[in-house]
Amino acid sequence: MESKGSILIKFLMFLQLSVLCLSQQQDFDFFYFVQQWPGSFCDSQKSCCYPTSGKPAADFGIHGLWPNYRDGTYPSNCDPSSPFDQSQISDLTSSLQKNWPTLACPSGDGIQFWTHEWEKHGTCSESSLKQHDYFETTLNLKQKSNLLDALTSAGIQADGNSYSLSSIKEAIEKGVGFTPFIQCNVDSSGNSQLYQVYLC
């Protein structure tokens, strides 16, 4: 028969192991869902190339779904044993080409971009989303948070005119239901332009 002391030690060891397992499962605090405006990506000092599938629509494209920590840092390249596997997302390819287009040069089919996003960010979300789920969830978020509709409904057009940052944020918050973080970049003439929208 085991003494009470050994039972207590085993129980404490079990508790420590349980806490350790829980902390390993919770490997990030939240996601950033990031979309980019293709015109702003291209209209800057670094060049862009249209994907091999053709010129993307004048709409926000997905940049990624990124696990983050509350302190402002983020995990990356979390599981080298889980490389991108194109066969796992073959049913999503046409939707990815439309909604998650690559703009990097030289022109590509998107595979290199999606590989980078999965291996850098997606592998850090495997406790919640396996590879197919990661891409499918991101595509679903794009449909649910239609930034172009939200901006157009507020009279904000992709027409080269200037709009205040507060009006852009307000339009997205009203149309999507979440307060965005807006990232701007600078065009070749030195003007600030809407580049990326982060939703938490």
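The backbone N, Cα and C atoms fix where each Cβ goes, glycine too.
The shown structure was predicted, so the numbers you read here are calculated from the model rather than taken from an experiment.
Summarising the annotation, TrEMBL assigns signal peptide to 1-23.
There are 23 other Cβ atoms within 10 Å of the Cβ belonging to His63 (active site). If you look up TrEMBL, you'll see His63 (among others) marked as active site.
The number of other CB atoms found within 10 A of the CB of Glu117 (active site), across every protein chain shown, is 21. Marked as active site by TrEMBL: Glu117 (among others).
Among the features that TrEMBL reports, active site is placed at His121 (among others). Within 10 Å of the C-beta of His121 (active site) we count 26 further C-beta atoms, all protein chains included.
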Checklist entry - If one measures from the C-alpha of His121 (active site) to the C-alpha of His63 (active site), what distance in angstrom results, rounded to a whole number? => result 11
